[in-house]
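Down below is the structure, laid out as structure tokens.
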Amino acid sequence: MSNSNIDNDPAKIDSLLRKAKSKKIPVTYDDINKALPLNKNPSIRQLEEAILKFSDAGVDILESNEDDEIKLDIGIDEEFKLSTNVDNESEDEVEEENIGSTDDPVRLYLKDMGGVDLLTRENEVEIAKRIEEGRKTMTASLCRSPVAMRCFIVWYEDLVNEKMLLRDLIDLEANMLHDEVHENDEEHNSETEVEEHEDNHLSMSRVETQILHNIIDRMKKISFICEELLIEAKKCYEESFDPKVLQNSRKYNNNLELLIHEVSEIHFNSKRTEEILGKMYGINRDLINKETAFLKLAEKYGVTRQNFLDEYIGSVINAAWKEKMLKNKKVAWKELITKESDYIDQMINELSVIESNTGLLVNDFKKLVNTIQKSERQTLQAKKDMIEANLRLVISIAKKYANRGLQFLDLIQEGNIGLMKAVDKFEYRRGYKFSTYATWWIRQAITRAIADQARTIRIPVHMIETINKILRTSRQMLNELGYEPTATEIANRLSMPLDKVRKVMKIAKEPISLENPVGDDSDGGQLGDFIEDKNAVAPIDAAIQSNLREVTTRVLATLTPREERVLRMRFGIGMNTDHTLEEVGQQFKVTRERIRQIESKALRKLQHPIRSKKLNSFRNGGKRGDGNPSDLLEA
């Protein structure tokens, strides 16, 4: 039988077949069905062909997956068979489903994650060395750039003049937590961590104060070295314009090595590094645009792309180069230089400005940028490898914090952010396994996210610390006393004012949604249905008002139309507002006195017992002497 239909998606079928044969386990019809193309409804013929393929290979096919343990492992370690359901699904249900395709983002994430092998200690060290090598190359390259040197000088001046905060210059967190990670894989109390993690946050300003003078001294030294290097580089280029002279200068090289060492000792904020890279990449883009435009112009005159690159790349584009190209044997070059002389002169001037701004020849600057970009790619790839291999660790930690106010996927996301920070700050020479080191960072990121985002109404960090202290004491006293302690007992235990304890306990209450269902059945309604709306009109008041309108209309109907109209306008009955005698008189084209007379006559008629009896029940705000509202409805 032809397998042409299966060939539409052979990878999944073959992968399933290989795993079943290698592990000598049967597959189910569901496994085969899931391995068929997802974007098409598999036909009976396709399914039959797939079944035949497995039968020919000697793989048993079951009706259903009766044995939960017969699964095709996709590489997720037994230690990390994790829950993907916040509603406390069993861990066995969360293991990846038999290679089958799915459009569930969580399962796709777990599937991709499971396809990456775990790292050994040697693998971690190897990746860490790649990251370190990439950073060293980038640091050395940046320190060779006068653009970076000028930035270092400006940063030092801003720091001294208090125009820049220390936390905006360096990575305070890296300095603060430099010695806080210990080789300790024991279980942590996640609840206690959420309560106490903010102590580190509160000490950030203290750390900033402690290391400020040390950083200023180091930046002062860096600034001085940069000034020396810039002066020597400027002198060299003005005299000889030969980069080899500078490269062979012992003084310059000694200062450069010293600068690289000093800069490497400072954990600069990522924004500061991006600032330097942004400037250099911007200049490089400008250069590429100019060179591209020059290439297109040369091609119009018949200069081939390869010939252009041979003559342009590696050459110093100046007046001497222009004269040299005029003597070129190729006619196309001579024609280009002759007819586009002004354009080339302008380009030479622009390149000269760039060389002046960067402090390097164009070719040297391009090589430097290329080295930086290469080291950046190397570092990013190494970080990516380390992160992807440790995603299981994030999930294993995140599941311990489920039902703490954040969705499980949000916990994973925050944990991944902590994992990325751990990769940035991992120091393999300390001898820790990366998982031990990363666990602290992942927990820190998750607990901070819970404290900041879990509550609908955000509470300040210092208040969260007080709340957690009181709740912790309350639980301890509950275990000791056997009953819920009062606010007074908690205040005495903590030596805290009673008013403050009551205030904190009130703040600690979680908000409740008005849409929470009441009762077990769907007809129980929502919590908001049982809360009184102070602004709403009570049903009895609405009925009285409606009855008053009807009675008033009937009573006014016993008057003449003119009298009814005058009373309605004067007292605003059935209108938006009342009217003055002058306004009513203008409507009827009579004097104010005549309107007053009509009004008086109409009011006397209403005072007649036959009419007034119907309205007396509504006097005194709608309450009769006996206070029975039903009398008003019967009026």
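Glycine too: its Cβ is placed from the backbone N, Cα and C atoms.
Copied from Swiss-Prot, the annotated features are:
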{"type": "REGION", "residues": "182-202", "note": "region 'Disordered'"}
{"type": "COMPBIAS", "residues": "182-191", "note": "compositional bias 'Basic and acidic residues'"}
{"type": "REGION", "residues": "386-456", "note": "region 'Sigma-70 factor domain-2'"}
{"type": "MOTIF", "residues": "410-413", "note": "motif 'Interaction with polymerase core subunit RpoC'"}
{"type": "REGION", "residues": "465-542", "note": "region 'Sigma-70 factor domain-3'"}
{"type": "REGION", "residues": "555-608", "note": "region 'Sigma-70 factor domain-4'"}
{"type": "DNA_BIND", "residues": "581-600", "note": "DNA-binding region"}
{"type": "REGION", "residues": "610-635", "note": "region 'Disordered'"}
Could you give the residue numbers and ranges of same-chain residues that sit at least 6 residues beyond the motif 'Interaction with polymerase core subunit RpoC' (410-413) on either side and whose C-beta is under 8 angstroms from one of its C-beta atoms? 394-395, 398, 401-402, 446, 449, 453
Could you break down the residues of the region 'Sigma-70 factor domain-3' (465-542) into DSSP helix, strand and coil, giving a count for each? 46 helix, 2 strand, 30 coil
Per-state residue totals over the region 'Sigma-70 factor domain-2' (386-456) - DSSP helix, strand, coil: 56 helix, 0 strand, 15 coil
Could you tell me the mean pLDDT the prediction assigns to the region 'Sigma-70 factor domain-4' (555-608)? 89
Going by DSSP assignments with H, G and I as helix and E and B as strand, what are the residue counts for the region 'Sigma-70 factor domain-4' (555-608)? 36 helix, 0 strand, 18 coil
